[in-house]
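Have a look at the structure below before the remarks.
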Amino acid sequence: MEESQSKQESNTRVAQHGSQQDVDPTFQTKRALEKERSKPRPRPLPRVQLQSLPGWSSTSKDVPLSQLIREMDHESRRCIHRSKKKLDRSEHISQGTIPEIYEKRKETISHTQSMEQKYLFQNFTKLLLLQKCCPGGSEKLVRESWHPCVPEEGGHMIEIQDLFDPNLDTEKKPQLVIIEGAAGIGKSTLARQVKRAWDEGQLYRDRFQHVFFFSCRELAQCKQLSLAELIAQGQEVPTAPTRQILSRPEKLLFILDGIDEPAWVLEDQNPELCVHWSQAQPVHTLLGSLLGKSILPEASLMLTARTTALQKLVPSLGQPHRVEVLGFSEFERKDYFYKYFAKERNTIIDFNLIGSIPVLLTLCEVPWVCWLLCTCLEKQMQQGEVLSLTSQTTTALCLKYLSLTIPGQHLSTQLRTLCSLAAEGICQRRTLFSKSDLCKQGLAEDAIATFLKIGVLQRQPSSLSYSFAHLCLQEFFAAMSYILEDSEEAHGDMGNDRTVETLVERYGRQNLFEAPTVRFLLGLLNTREMREMENIFACKFPWETKLKLLQSIIGEPFCQPCHLGLFHCLYENQEEELLTETMLCFPLTASGPNHMEATVFQTNVKRLVIQTDMELMVVTFCITFSHVRSLRLKGKGQQEYKLTAPAMVLYRWTPISEASWKVLFSNLKCTRNLEELDLSGNPLSYSAVRSLCTALRQPGCRLKTLWLVDCGLTSRCCSFLASMLSAHSRLAELDLRLNDLGDNGVRQLCEGLRNPACNLSILRLDQASLSEQVITELRALETKNPKLFISSTWMSHMTMPTENTDGEESLTSSKQQQQQSGDKHMEPLGTDDDFWGPSGPVSTEVVDRERNLYRVRLPMAGSYHCPSTGLHFVVTRAVTIEIGFCAWSQFLHETPLQHSHMVAGPLFDIKAEHGAVTAVCLPHFVSLQEGKVDSSLFHVAHFQDHGMVLETPARVEPHFAVLENPSFSPMGVLLRMIPAVGHFIPITSITLIYYRLYLEDITFHLYLVPNDCTIRKAIDEEELKFQFVRINKPPPVDALYVGSRYIVSSSKEVEILPKELELCYRSPRESQLFSEIYVGNIGSGINLQLTDKKYMNLIWEALLKPGDLRPALPRMASAPKDAPALLHFVDQHREQLVARVTSVDPLLDKLHGLVLSEEDYETVRAEATNQDKMRKLFRGSRSWSWDCKDHFYQALKETHPHLIMDLLEKSGGVSVRL
């Protein structure tokens, strides 16, 4: 059984596990916390690369993996049950000190109040899921080569609730979903989550009445089963008679986990020969009939299998939904780390122990490896060792696990026997073993007990059988068995040949390098790992065996296709001699016209689809040993240069993590033949640019050309680029176009260009946005250095590849491409509520006005900023983002942080497709200009189901904090308070002025509040209830201080109550402080002022003129009879809208269903001209409510932004907030 550990997504999910194979950290329940507090605390351990809190015990016993898993399943179910109930807040407070989990960059604080369930699927272990887009018309999964979809059909990321969504092409709901992926990646975990979620009523209840889960390796133990017996095995508790269950087959879901594990052939039978559902038949025949739709053709199925096993599974599987599990994102790897060690509540390990080693962090993308690494650290803690892991491969990590787990060399003989058992099981495709199997192999009773205790073996609770803790662990032991056998063989060549024959027979030559056993075997043939094996088994291995076995497995290098499996094997081996010999012998042409291996060779350009950080790491590692001169990591929508052959193009449809960037750039430190690197179209963070420039400064880096077009670079990145240019870098050509460098950034580049050590000869920049002074400076540089050419136009040799009929790459000029695509550079005028991005403004949709929920659909990769909210997103692809306005009081109340931290910005509940957002800028209102606030005091608070997490932002700017590679939950900026400073924190504040006309009298309301969009919106809505309209006036220029008081005064005799305002923070749900000002006659105008009460200096002044008092969009409440009628915006401008709206049909589409019925919609559309349509629409609007007119205004704003802005400006510039 291939099962993996999955960790909880920290923004919205709590891990659920119920399998013998699930490997997940234990979660603390309330009862466990009470029990933990009652324990006495021993003295702390010495601090050696380990941050220990008082109370950590080094005497904790080894817990078998099976026991740990059962405990985790119990705790996970309690977490699910607990999430459905609202805990009593006072009960938590009465328990005393709230336990805390610390790491260097994050702090987790258990809840002191219940967290409401934000959405249905928050309790799931978070795994990255890629739904593949298979070639149209394909009716079989079997292909000449088994590879993810071709580059043009990359697929898209989905969530667990989307597994059975309709196909985008056919709109049909799938009956067959295949969950595929690499070994240990989390396929079985996902399958069990689906079953568990259905049991809990959280998933697919509207589609399936019965869901049955089957472990295929356990089913394979049965000789024969009837359909009725199969259904009975798939239910923990019988829910209905079999006849009743089978009466509605379209409401049934069968989950077959690990269908590729048993050594069976699933053959469909003749439908005419199908037996009755109560009659037994061979299990493989029964399952084959289910898959072939000979029985229950209307039922749905979900299969899990390794990707490489699918082509030989069955002859045909129709057109399934194929979903690939890609493992953990970088954030979830970190989250898993401290969740794992949460079971030792008083122990915390600095995550930098792992995070500072990017290779280790990348390996942890695979959940099983993540568990393995944490287990090694835990064993080191228990044995009192210094915590340190230097493993660069999964093989090395497995050996480390073995050396820490096996108690001494006295078990070496039994360990050999266990390896033989593993190899025999792999060859026979067996993962379950009886007690007699173990004894026949030569395992003693005490050895079996020891292996069970340390967690290498586990006993199956449903039978008397045994298995390895994970299938990957069995494959690792099998690999060791082949090393041990060959070392004992008298005739080494014969032993090598037999080993290779066995592996080819088991996996096939085509998939040989995809098999984990082969990868482990190559890893064990590394010199360092063989020495480690010698220590474990207390023996010596002849080095001749190693070399001959390597040659036997790899074969002739020039006969091997260049694909991911071989790259993985070479990476595991790490031997420079083998890498060089193999990589330099690769052919540069395709082996045939139909050859679509993981790479496609075309005109000396290798193409490779990579989906994960692990794949990117192994490929770039191997490339450095090859003839490849040019490397392109293809970003979406990028324009491209012609690469110098031989070249390789990597296609990647999922986000690249920070750790992966570090590994990639680390591999560039010694590039051998690589001279060109194109990263255009890939968003690069500040830290990624720093890693890149560090690599370019290394003497072994031979890169001469670097393209960074449209990579989201800012002026902050230019300091690294300038330093790199000044450090004797070999770089001769640098392209930085389509980046927001600004004058400051370009000036920093100029400093690097002036350095005599700079070898750059071509620099491409966007100069249109630069000031004349900076452009002059650039021209002066060119004049001073004749070898330097600075350009801002695309060079003639820059081309974009297209496919011709022969499948070869043809080159099209960018000018021709632009002519074909037409003029797409018209930028529509937008408003402050829109998100401004590469293509202009993107409208924000109102999802639920009462709940303050909004949605924006960002159309392409790039950077987007909303002036109204201050939010800023950097996205890698088109994505829909939902934004909710929250109140801190709902989450922060009564936590310890309310005394140690202050709110520093608005709180948002953001939801977005996982991995699509590489950075988010969260606004704050703390003033940094005076240098009185240390930016290290800023934290971003995430409110999650298991508590609140404080994360340190990547950087803090004057108006926002930047969080890179974020996961989303209710989140906002907090500032840690320093006792000596108290509450005297400089604040960026705003003044809000509202007025209402009543006959000739005017009432003003004046607010002084922090610059928080959620507070502003709450005040807008409150004032709107009483027909008050806001006037836009400039805010105070200087920073103000929380707790300070200010005197309100006027240039005329008016009544002001109260006459003092205090600047304070109040949650949006609380009443805000304001002064009410009564004016009998405004005359020519009135001057309002705010003066600091303590120092008597003027901090704000505004002139209110009669022209400011033009009504716009007040909500019509029960106005007095004598009050002037305040018309809605659309009614005020009816004549202009009828005359100037030029595109009515898109407007009607937005109103359809919200305001217009189907009949109204068709009636308006039937009119002949746009003006007649608008008149008809206005005639119907007489019966509309104010909310309907609000929808009308919003639709006009989205379809005709120029017109609406023009009307707003002519009406006096009164702010409109809907």
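Placement of Cβ uses the backbone N, Cα and C atoms for every residue, glycine included.
According to DSSP, GLY186 (ATP binding site) is assigned to coil rather than to any helix or strand. The ATP binding site feature in Swiss-Prot is assigned to GLY181, ALA182, ALA183, GLY184, ILE185, GLY186, LYS187, SER188.
The compositional bias 'Polar residues' annotation in Swiss-Prot covers 7-29 (among others).
According to Swiss-Prot, the compositional bias 'Polar residues' annotation covers 799-815 (among others).
Annotation comment: Swiss-Prot describes 175-484 as domain 'NACHT', evidence class sequence analysis.
Under the heading domain 'FIIND', Swiss-Prot lists 835-1118, citing sequence analysis as support. Taking the domain 'FIIND' (835-1118) as a whole, pLDDT averages 84 in the prediction.
Among the features that Swiss-Prot reports, domain 'CARD' is placed at 1122-1211.
According to Swiss-Prot, the region 'Disordered' annotation covers 1-61 (among others).
For 799-842 (among others), the entry in Swiss-Prot reads region 'Disordered'.
Positions annotated as region 'ZU5' by Swiss-Prot, on the basis of similarity to another entry: 835-968.
According to Swiss-Prot, the region 'UPA' annotation covers 969-1118, on the basis of similarity to another entry.
The repeat 'LRR 1' annotation in Swiss-Prot covers 343-364, and the record cites sequence analysis as its basis.
For the repeat 'LRR 2' (673-693), DSSP puts the residue distribution at 8 helix, 3 strand, 10 coil. For 673-693, the entry in Swiss-Prot reads repeat 'LRR 2'.
Sequence-distant neighbours of the repeat 'LRR 3' (730-750) (same chain, 6+ residues past either end, Cβ-Cβ under 8 Å): 680, 696, 701-719, 721-722, 724, 759-766, 769-771, 773-774, 777-778, 781, 792, 863. Under the heading repeat 'LRR 3', Swiss-Prot lists 730-750.
The Cβ neighbour count for ALA183 (ATP binding site), using a 10 Å radius and every protein chain shown, is 23.
In the shown protein chains, 28 other C-beta atoms lie within 10 A of the C-beta of LYS187 (ATP binding site). Within 10 Å of the Cβ of GLY181 (ATP binding site) there are 27 other Cβ atoms, across all protein chains. For ILE185 (ATP binding site), other Cβ atoms within 10 Å of its Cβ number 31. Each of the binding-site residues GLY184, GLY186 was scored by the other Cβ atoms within 10 Å of its Cβ; the lowest score goes to GLY184. Helix, strand and coil residue tallies for the domain 'CARD' (1122-1211), in that order: 65 helix, 2 strand, 23 coil [DSSP].
Residue counts for the region 'UPA' (969-1118) under DSSP, helix first, then strand, then coil, are 16 helix, 66 strand, 68 coil. Listed in sequence order, ARG306, THR307, GLY327, VAL366 are the same-chain residues at least 6 apart in sequence whose CB falls under 8 Å from the CB of ALA182 (ATP binding site).
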